[in-house]
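Beneath this line is the structure, given in structure tokens, with notes to follow.
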Amino acid sequence: MEYNKKIVTDLTDLKGKKVILRCDFNVPINKTSGEITDYTRIDAALQTINYLLDKGVKLIVLSHLSRVKTLEDISSGKKSLKVVHKALKNRLLGKTVLFEENNRNKDLPKIIDGMEEGSLLLLENTRYADVNEKGEVVKLESKNDPSLGKFWASLADIFVNDAFGTSHRAHASNVGIAKNIKESAIGFLVNKELAKLSKAVVNPRKPVVAIFGGAKVSDKVPSIKNIGKFADKILIGGGMAFIFLKAKGFEIGKSLYEDDQLELTKELLSEFGNKIVLPVDAVVADSIKAAKGKRYDMEQFPADLAGFDVGKKTIKLFKKELKLAETVIWNGPLGVFENDAFNKGTLKVCKYIAKITAKKGCYSVIGGGDSAAAAAKCGVTHSFSHISTGGGASLEFFSGVELPGVACIKNKGEEGKVEAVKEKTTTTTESASKEKSSTAKTASKPATSKTTAAKKPAEKKPAAKKPAAKK
């Protein structure tokens, strides 16, 4: 799939413009300390952020953080972007980095008008809009509520999507904004992701070897079908391997599998059977939490145990298939990666892919998630050609479907237009203004700032200060 989307460098006359930027700051946070444990996603967004700030825009940044399902999720502060605000301030020294606790504050237009050129305003977690003041799950963000997308779009002149990790979702903070704004573009990160992933699937260097792992085959079927069209080999591991083995008549003991996917799995074997390579042995145990497992050939698989990793014979077989590969696409671990007793297959295959990438120039792509975590654990992250920042997004990309968060962006040369959106009786901002700040910890009126806000002249009256976000 080829892309001709506007990128941030195609935008002109940016000085003084208001730009709303969707980032993916869904970072891991230590539950005890409340500190961020991996800054990769924040650092990945800095190129676009710095580019826009250096152009003199007023930058409004949106992101989600985890899922928000209850008022407790909001009031506890555990899913607040305040910790991200702190990280951004530390990385954007010398630049004004503000934070607004209410991402639907009716005074946001005034706050943004009062911002200095080249400053940034981070709005609170977009998914706070998924729960209303009564604690009801309304999913205004996650289900792309028209009024919410229109409100956020009204805050800016231009929309930039640089959140690849959420581009497979049609949310109010990406598709909803893009439909209601005249000019839009993708950021450096999304552009890089599209280019790197495309290289693996559009006229890739042959032979192509794809590796699929993880627990559920249902998550991978569309990608297997699409990649199966051009891949030379498809290596199957992880929990999903057992449904393939069962479909071929092997004993899999108490290994979990999706019974409703059995017929579909048989169809995959029928269509791509000459390409699919399955485990020939497995490491089994009586529990996923077992301290150690025992290896069995598939022909001798015990009926009273379950498989949690590929065995040494399978690792050797997979390495043999990978040896001649010029392109490798990997999505999903080959075992229960979280347990050291069952991570050998994932780690050894990971190191081998890194080795052939470094030694013979194989083009290797990891589709994020646990596979990326495996590369980090092995210390070979920089040995891969590309490690995606979006597990779900990369998987959908591999299925051949255009991502909603990319499809909504204007193409190069396309004239700006705004799609008509039917108004609701109660607007999103009106709803937000009714929320109790004591429960949701959002500002029902503009937050105060330690910095002086710009003054708006008024006829025959003293100048009134504009609302300002917290610094």
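Using the three backbone atoms N, Cα and C, a Cβ is placed for every residue, glycine included.
Copied from Swiss-Prot, the annotated features are:
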BINDING   ASP24, PHE25, ASN26, ARG41, HIS64, LEU65, SER66, ARG67, ARG127, ARG169  substrate binding site
BINDING   LYS220, GLY307, GLU338, GLY368, GLY369, ASP370, SER371  ATP binding site
COMPBIAS  439-455  compositional bias 'Low complexity'
REGION    417-471  region 'Disordered'
(request) Based on DSSP, name the secondary structure state of GLY369 (ATP binding site): helix, strand or coil. (result) helix
(message) Sequence gap of 6 or more, Cβ distance under 8 Å: name the residues on the same chain that satisfy this around GLY307 (ATP binding site), in order along the sequence.
(response) ALA241, PHE242, ILE252, GLY253, SER255, ALA282, VAL283, VAL284, PHE301
(request) Could you work out which of the binding-site residues (ASP24, GLU338, ASP370) has its C-beta surrounded by the smallest number of other C-beta atoms within 10 A? (result) GLU338
(message) To the nearest Å, how far is the Cα of GLU338 (ATP binding site) from the Cα of ARG127 (substrate binding site)?
(response) 28
(message) Out of ASN26, SER66, SER371, which of these binding-site residues shows the lowest number of other CB atoms within 10 Å of its CB?
(response) SER66
(request) For LYS220 (ATP binding site), write down the residues of its own chain that are at least 6 apart in sequence and whose Cβ falls under 8 Å from its Cβ; none is a fine answer. (result) PHE212, GLY214, MET240, ASN331, GLY332, LEU395
(message) Please give the maximum pairwise Cα distance, in Å and rounded to a whole number, for the substrate-binding set ASP24, PHE25, ASN26, ARG41, HIS64, LEU65, SER66, ARG67, ARG127, ARG169.
(response) 18
(request) Using a 10 Å cut-off, grab the number of neighbouring Cβ atoms around the Cβ of GLY368 (ATP binding site), all chains included. (result) 21
(request) Give me the non-local Cβ neighbours of GLY369 (ATP binding site): same chain, 6+ apart in sequence, Cβ-Cβ under 8 Å, ordered along the sequence. (result) GLY214, ASN331, GLY332, GLY391
(message) Taking DSSP as the reference, which of helix, strand or coil describes GLY307 (ATP binding site)?
(response) strand
